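Annotated features, as they stand in TrEMBL:
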| type | residues | note |
| --- | --- | --- |
| DOMAIN | 55-243 | domain 'Thymidylate kinase-like' |
| BINDING | 57, 58, 59, 60, 61, 62, 63, 64 | ATP binding site |
Ligand SMILES: Nc1ncnc2c1ncn2[C@@H]1O[C@H](COP(=O)(O)OP(=O)(O)OP(=O)(O)O)[C@@H](O)[C@H]1O
Ligand SMILES: Cc1cn([C@H]2C[C@H](O)[C@@H](COP(=O)(O)O)O2)c(=O)[nH]c1=O
């Protein structure tokens, strides 16, 4: 099956070749992940082989810590698990990451910044995430589209809807089944990362990071089905347990792998 052409069923245009109606692709070739709804939710009518989980939150919220624990538990249950991150995740994306986070380029024009994050994401989706989901893997990403809405849309003041639309185009309908928001205050986040050098985004002011936090919370409120919001100042094992429970439930709904796997606690 070719996934080269992606039909936007609303405009009836192929989003790859832009042809209306006349594209050679038939309904049998439609990908599993067409453009999602306007709200950026996965299209529930489309069968999905794998499971896509994103961890979001402010810098220092504890995303990487939780991803490691979750991935370990799932892999022990025999599932194929792919952990990845944004910006980055693909060869090209990692190059873009180095550029967009490098303090030597500060200040970066906000639109340029938004496009660089979106370009990294598009490459990440097409070369890493979509193929893994097609194989039936569980993909866990450290940040995804909602980071752009929060940091560029709200933090930079570019507007959340324009950034969501830009990125909806970039991801061709691939949206997380579950987004875990580790909600952390700007002050706690800064304190937790005080032992390491800050990248260009982390160097932003407390006010900037406060706006980002509020934007994440608003996104979660808009999509309660997709979001699990957790207070990030809870102990690491307590957070891990809450995430595991939600993922176990999702795996059961999808009939994926050993459904008990996500619930296994890891030391
Ligand atoms: N629940 C927690 N309570 C206290 N400290 C934590 C907690 N979770 C993580 N930490 C610590 O906070 C620091 C940042 O954690 P981690 O790297 O997982 O965060 P992150 O969200 O991935 O950060 P960033 O987005 O900046 O890469 C680490 O030193 C980690 O050990
Ligand atoms: C995906 C994405 C990220 N950012 C910001 C958020 C962080 O400050 C850095 C990434 O660093 P991390 O240690 O890997 O969390 O980039 C952003 O502004 N917009 C985005 O789309």
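Glycine too: its Cβ is placed from the backbone N, Cα and C atoms.
TrEMBL: automatically predicted annotations, no manual curation.
Same-chain residues that are not part of 57, 58, 59, 60, 61, 62, 63, 64 yet have a Cβ within 8 Å of the Cβ center of the ATP site turn out to be 182, 184, 189, 192, 232. Just so you know, the Cβ of residue 57 (ATP binding site) picks up 27 other Cβ atoms within 10 Å once every protein chain is counted. If you count neighbouring Cβ atoms within 10 Å for each of the binding-site residues 58, 60, 62, the highest count belongs to 58. Note on residue 61 (ATP binding site): other Cβ atoms within 10 Å of its Cβ, all shown chains, come to 27. Taking each of the binding-site residues 59, 64 in turn and counting other Cβ atoms within 10 Å of its Cβ gives the largest count for 59. Non-local contacts of residue 63 (ATP binding site) by the CB criterion (under 8 A, 6+ apart in sequence, same chain) comprise 55, 56, 57, 142, 143, 182. When the binding-site residues 58, 59, 60, 61, 64 are checked against ligand 2, 59 have a Cβ within less than 6 Å of one of its atoms. In the three-state DSSP scheme, residue 59 (ATP binding site) falls into the coil class.
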